[in-house]
Amino acid sequence: MTTIAIVDYGMGNLRSVAQALSTVAPDADVRISAQADEIRAADRVVLPGQGAMPDCMAAFDQSGLREAVLEAARTKPMLGVCVGEQMLLERSAEARAGEAFTAGLGLISGDVIRFDLDGRLQPDGSRYKVPQMGWNRVHQSRTHALWAGVPDQSYFYFVHSYYARPAHPDESVGETEYGVRFTCAIARDNIFATQFHPEKSAQAGLQIYRNFVHWKP
């Protein structure tokens, strides 16, 4: 039986992710876990996150799960979701007062920056709003096993003010337009991560989770 650990460090859409995974893999052992030994023992690991990056990283460091997650990132399929994607990079411009940046896990080279859309108009004449909140198309800029069965230009659900900017273009596998063309999906070796929420993205999102369950990087 496949065991999937959803990392519980106090920040993230845990139950919705667990429900989505249980839907596509009813025979899997899906666990929301705050235990390092369970994360190490799992076959696959999901790192969720929502809210502000500084809060997520502070909660993550306080959880005592850093080493277990870093070990998992080296040895088994890992999926980052929303702020969980941003946490994989080296640093984020979203920082607490008096700090220049928030350090990430450094598993993916690059940084996280804020939408700079002040005063910009959308094609329909309305102003862009930050955060981006709602459905948007995703262009599959590179082929990947987790895109299998997902039509290019499918809609996914986004809620975010910041986005990842990977240092290596070949690690960007999905892009979206919102005033600027930005990376919304990253992949390297056994890691795949999305800015959008697959668990809130209907059948296209469920297919991402289904592919993750069967992925053999």
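Note that Cβ sites are derived from N, Cα and C of the backbone, with glycine treated the same way.
What you see is a predicted model, and the numbers here were worked out from it, not measured in a lab.
If you check Swiss-Prot, you get these features:
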- 3-217: domain 'Glutamine amidotransferase type-1' (DOMAIN)
- Cys82: active site, nucleophile (ACT_SITE)
- His197: active site (ACT_SITE)
- Glu199: active site (ACT_SITE)
Cα separation, Cys82 (active site, nucleophile) to His197 (active site) (Å, whole number): 6
Mapped DSSP class for His197 (active site), helix or strand or coil: strand
Glu199 (active site) CB neighbourhood, other CB atoms within 10 A: 25
Most crowded position, judged by CB atoms within 10 A, among Cys82, His197 as active-site residues: Cys82
The residue listed as 'active site, nucleophile' to Glu199 (active site) - Cα separation in whole Å: 11
